[in-house]
Amino acid sequence: MALNVVILAAGKGTRMRSDLPKVLHPIAHKSMVQHVIDTAHCIGSDAIQLVYGYGADKLKLALGEQQLNWMLQAEQLGTGHAVAQAIPNIDDNDTVLILYGDVPLIQASTLEALLAARPDQGVAILTVNLSNPTGYGRIVREQGKVVGIVEQKDANAEQLAINEINTGIMAVPGKALKTWLGRLSNNNAQGEYYLTDIIAMAHADGVEINTAQPQSAIEVEGANNRVQLAQLERAYQAREAEKLMIAGANLRDPSRIDIRGEVTVGMDVMVDVNVIFEGKVVIGNNVSIGAGAILIDCEIADNAEIKPYSIIEGAKLGVAASAGPFARLRPGAELMQDAHIGNFVEMKKAVLGVGSKAGHLAYLGDAQIGAGVNIGAGTITCNYDGANKHLTVIEDNVFVGSDTQLVAPVTIGKGATLGAGSTITRDVGEDELVITRVKQKHLTGWQRPVKIKE
């Protein structure tokens, strides 16, 4: 029996006041609908039907490379009408799971519980109890069993008092779903084809209906405007921060970090305020991350330290390596064990060897730097000739004086010393001292120019 997921994503989202389709608005740098798609993959969906309408070009540009079946809902005539657009891709033996593109916080564990609650050939609906259920469809029960769902605008006074509400998420057998969708009517207060009406049909047909509930009501909250979007963002961040703390991270203030990807942490990780994680970030044990640091798609080994306001992107820090404050590691940069870069040092496609250091104000690009190397302040690897990049190789135990330019391609041999202010254009042999600056002159009796008064 295949799991066929239908995601409703056709709405415009007028209250967002945006040209962007509502489901493309982001939570943690990822569109709401992408969160839902990813969760569908997590539970082992065999197929995903995306019912779309407004903003088709933008949706396809954002999601087009994924394995989705695109089902157009040309007119928005209700949730039942939306699901009906997916019928051509639904087999009778499928279990159909209906999700919503603007409900991004639904968790895989909740959907797995819902699917487990569905009886053989029966229906399972996800419900939640709210102290204030205003605006939501109510779950109508008789002797404890679900017999229907009534929408707010169609409910009587007794039904309005019910606090168990419909989330819209449900699991339904494919064959029965097709039958029930064919019976839907728009004879209601909103003139729409309600998906919720199939629950009363299921009851009338003697089909067993079970319910499940999420761990938290926030999982089933949608975003219709930017205020609600911001509320979902905060809820998502709080949930992800809690995961990090449970895994072994000490967050100085859990409300002042941003997690925009997949973060894995070891034990005793210290994270100061205003740190941002993006993409896939892997952090070892006993790592310290200073305030305002940004970590993007990087790997940080045990005992490493990232000092405040450093940016680590597509890079690696080895055991006990340190970067910052105000350091920048760009893609392809790597600090080996005990290596250090300080403030205003930038690296790209460069390796700084074991125990080597660049304390301040340097650019190291397209460089292979050995162990025990000292890079003086103001050092630049001149790697670009206007058309191509070239490699600089600095072997072990080299001392590079301040304000040195290394014009690539160039190799500096082991133990060499480069005098401050030198411009190196040729290879340097092992243990050589190279000084290329102009000889210092002393002129006695020098008179400074005097400004002429007008």
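Note that Cβ sites are derived from N, Cα and C of the backbone, with glycine treated the same way.
It should be emphasised that the depicted structure is a prediction, and the values quoted were computed from it without experimental measurement.
What Swiss-Prot lists as active site, proton acceptor is His360, and the listing cites sequence analysis. Among the features that Swiss-Prot reports, UDP-N-acetyl-alpha-D-glucosamine binding site is placed at 8-11, Lys22, Gln73, 78-79, 100-102, Gly137, Glu151, Asn166, Asn224, Arg330, Lys348, Tyr363, Asn374, with the record citing sequence analysis. Marked as Mg(2+) binding site by Swiss-Prot on the basis of sequence analysis: Asp102, Asn224. If you look up Swiss-Prot, you'll see Ala377, Asn383, Tyr384, Ser402, Ala420, Arg437 marked as acetyl-CoA binding site. For 1-226, the entry in Swiss-Prot reads region 'Pyrophosphorylase'. Residues or ranges marked as region 'N-acetyltransferase' in Swiss-Prot: 248-454.
A simple way to gauge crowding: the CB of Asn374 (UDP-N-acetyl-alpha-D-glucosamine binding site) has 16 other CB atoms within 10 angstroms, across all the protein chains here. The two recorded residues Asn224 (Mg(2+) binding site) and Gly11 (UDP-N-acetyl-alpha-D-glucosamine binding site) have their Cα atoms spaced 10 Å from each other.
Taking Cα separation as the measure, Leu8 (UDP-N-acetyl-alpha-D-glucosamine binding site) is nearest to Tyr384 of the recorded positions His360, Ala377, Tyr384, Ala420. For the recorded positions Asp102, His360, Tyr384, Ser402, Ala420, Arg437, a Cα-Cα cutoff of 10 angstroms around Gly11 (UDP-N-acetyl-alpha-D-glucosamine binding site) retains Asp102. Annotation for the binding-site residues Asn224, Asn383, Ser402: lowest Cβ count within 10 Å of the residue's own Cβ, Asn224. Cα-Cα distance from Asp102 (Mg(2+) binding site) to Gly78 (UDP-N-acetyl-alpha-D-glucosamine binding site): 15 Å (rounded to the nearest whole number).
The recorded positions under consideration are Arg330, His360, Arg437. Their Cβ neighbour counts within 10 Å are lowest for Arg437. Applying an 8 A CB threshold to same-chain residues 6+ apart, the list for Glu151 (UDP-N-acetyl-alpha-D-glucosamine binding site) reads Gly137, Asn188, Ala189, Gln190, Tyr194, Thr196. Mean pLDDT, taken over the region 'N-acetyltransferase' (248-454), works out to 98 on the 0 to 100 scale.
Residue annotation for acetyl-CoA gives Ala377, Asn383, Tyr384, Ser402, Ala420, Arg437. The furthest Cα pair among them is separated by 22 Å. Note: the Cα of the residue listed as 'active site, proton acceptor' and the Cα of Arg437 (acetyl-CoA binding site) are spaced 22 Å from each other. For Ala420 (acetyl-CoA binding site), the same-chain residues lying six or more positions away in sequence with a CB closer than 8 A to its CB are Gly376, Gly401, Ser402, Asp403, Thr404, Arg437. A C-beta separation below 8 Å, combined with a sequence spacing of at least six in one chain, links Gly78 (UDP-N-acetyl-alpha-D-glucosamine binding site) to Asn186, Gln190, Glu192, Tyr193, Tyr194, Leu195. When the binding-site residues Leu8, Ala377 are scored by other C-beta atoms within 10 Å, Leu8 scores highest.
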